[in-house]
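Here's the structure, in structure tokens; my notes come after.
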Amino acid sequence: MSLEKDYIVADINLAAFGRKELDIAETEMPGLMSCRKEFGESKPLKGARITGSLHMTIQTGVLIETLKELGAEIRWASCNIFSTQDHAAAAIAAAGIPVFAVKGESLTEYWEYTDKIFQWTDGGLSNMILDDGGDATMYILLGARAEAGEDVLSNPGSEEEEILFAQINKRLKASPGWFTKQRDALKGVTEETTTGVHRLYDLAKKGLLPFPAINVNDSVTKSKFDNKYGCKESLVDGIRRATDVMMAGKVAVVCGYGDVGKGSAASLQGAGARVKVTEIDPICALQAAMDGFEVVRLEDVVSSADIFITTTGNKDVIRIEHMREMKDMAIVGNIGHFDNEIQVASLRNLKWTNIKPQVDMIEFPKGNRIILLSEGRLLNLGNATGHPSFVMSASFTNQVLGQIELFTKPGEYKNEVYVLPKHLDEKVARLHLEKLGVRLTELSDLQADYIGISKQGPFKAEHYRY
């Protein structure tokens, strides 16, 4: 590791390998490359100082270099301790962009790196956040509340909160008043994922959101593509790389049937598994049933299934009492953002055997064992390399457009949570059609008049559900 320079990566010598993969990824990310072509000359993000907290993968490297091409200064960390691709981080660091990300970093390092992405070498402040899961945003807002005298740091609810609060206290001591200054300097945040969006809506509901936010997750070209088609490819990839298990014929349980659950169930079904689904929502449960999946309660299948995957964004979905009853060598993993969907903390007093990085065998007193992937964190990124470049291009193009919106239009957005307008959603989709050889049908003037829309779109009302 290098501590002298303004980056922390596992091995800077991996930069050449990372650059080769970045070059390949660019050919699969037409949305981002179109943004460079459209906005590269005008540089709408000139003056933007973006703090980025998002999985430091090859695809994210293409996003980072797109933001730079559009004029932004950037400091970056991963939003997950296992999701960094070390060669990607090295390539970005070698290009002169400060990045603080190491695959397998500790939680203490994770929160130190989150602090570092706000610490500009000239002592300046970030004016934009690009977030995934909301940790960077939460770090600043919690610190500012502590500076205001609120008692928000005295009762940590987990080991991670203990470490987070310690890092906030460290910064409070080193730089009194810094959190409030940093909060007030922010023009806005764009948020990538369901979990982070929930946090933002909760803040807005309580009147605690101090700047505008764009909910990238609920752009159609994110949630219906990244969440669904991305998981459809990357879930099984992660399980295979971790375990080499034959999935055909196995019984797999997917907890949750939202967009991520739909993609995950399709992924396992495509690999030949017999898939069952658990759900709390009657609409999603009906969708699962009509898609051909048996909808069950976890308690009814916990002792007979072979693979368990959580996709919900909720906590305590798979609990210690469930895992205790699982068959020997059942595989347990999560593809939701945080690690609390599975009660991993309750397993710590059992016998752990590390098989290889991010694959652990845990033995219960009665002798049955489970295989836990990525310690309950995102297995598609911890055990594999995440979603393919093409689908991430759609998500990240939304991020770029969101950053441009908030940075270039100060005052036009209130301190609320917004979704990008329909015409931009359609633009993102359009940018990805040529790569797939798609030819759109065009409306005639009479047809457009008949249904009351412009020939150029938007083609659907805001309330339309895709």
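Backbone N, Cα and C atoms are what each Cβ position is placed from, and that goes for glycine too.
Copied from Swiss-Prot, the annotated features are:
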{"type": "BINDING", "residues": "Thr57, Asp132, Glu192, Lys222, Asp226", "note": "substrate binding site"}
{"type": "BINDING", "residues": "193-195, Asn227, 256-261, Glu279, Asn314, 335-337, Asn380", "note": "NAD(+) binding site"}
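Where Swiss-Prot records a feature, it is marked here on the structure.
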residue: Thr57; record: substrate binding site; DSSP (3 states): coil
residue: Asp132; record: substrate binding site; DSSP (3 states): coil
residue: Thr193; record: NAD(+) binding site; DSSP (3 states): coil
residue: Lys222; record: substrate binding site; DSSP (3 states): helix
residue: Gly256; record: NAD(+) binding site; DSSP (3 states): coil
residue: Ile335; record: NAD(+) binding site; DSSP (3 states): coil
**Asked** Residues with Cβ closer than 8 Å to the Cβ of Asp226 (substrate binding site), same chain and 6+ apart in sequence?
**Response** His387, Val391, Met392, Ala394, Ser395
**Spatially closest candidate among Thr57, Asp132, Lys222, the listed binding-site residues, to Thr193 (NAD(+) binding site) (Cα to Cα)** = Asp132
**Item:** Spatial neighbour of Lys222 (substrate binding site) that is closest, considering only the binding-site residues Thr195, Gly256, Gly258, Val260, His337 and their CA atoms
**Value:** Val260
**Item:** Cα-Cα distance maximum in Å, computed over every pair in Thr57, Asp132, Glu192, Lys222, Asp226 that the record assigns to substrate
**Value:** 17
**Complete:** Most Cβ neighbours within 10 Å, among the binding-site residues Glu192, Glu279, goes to Glu192
**Complete:** Counting every protein chain shown, other Cβ atoms within 10 Å of the Cβ of Thr195 (NAD(+) binding site) number 19
**Item:** Rounded to the nearest Å - Cα separation of Thr57 (substrate binding site) and Gly258 (NAD(+) binding site)
**Value:** 25
**Message:** By the count of other Cβ atoms within 10 Å, pick out the sparsest of the binding-site residues Thr57, Thr193.
**Reply:** Thr57
**Fill in**
Least crowded of the binding-site residues Gly256, Gly258, counting other Cβ atoms within 10 Å of each Cβ, is Gly258
**Message:** Let me spell it out: for each of the binding-site residues (Lys222, His337), count the other Cβ atoms within 10 Å of that residue's Cβ, using every protein chain shown. Which one has the most?
**Reply:** Lys222
**Alpha-carbon spacing, Gly256 (NAD(+) binding site) to Glu192 (substrate binding site), which is rounded to whole Å** = 20
**Fill in**
Around the Cβ of Ile335 (NAD(+) binding site), other Cβ atoms found within 10 Å total 30
**Request:** In whole Å, note down how far the CA of Asp132 (substrate binding site) lies from the CA of Ile335 (NAD(+) binding site).
**Result:** 14
**Item:** Count of other CB atoms lying within 10 Å of the CB belonging to Asp132 (substrate binding site)
**Value:** 26
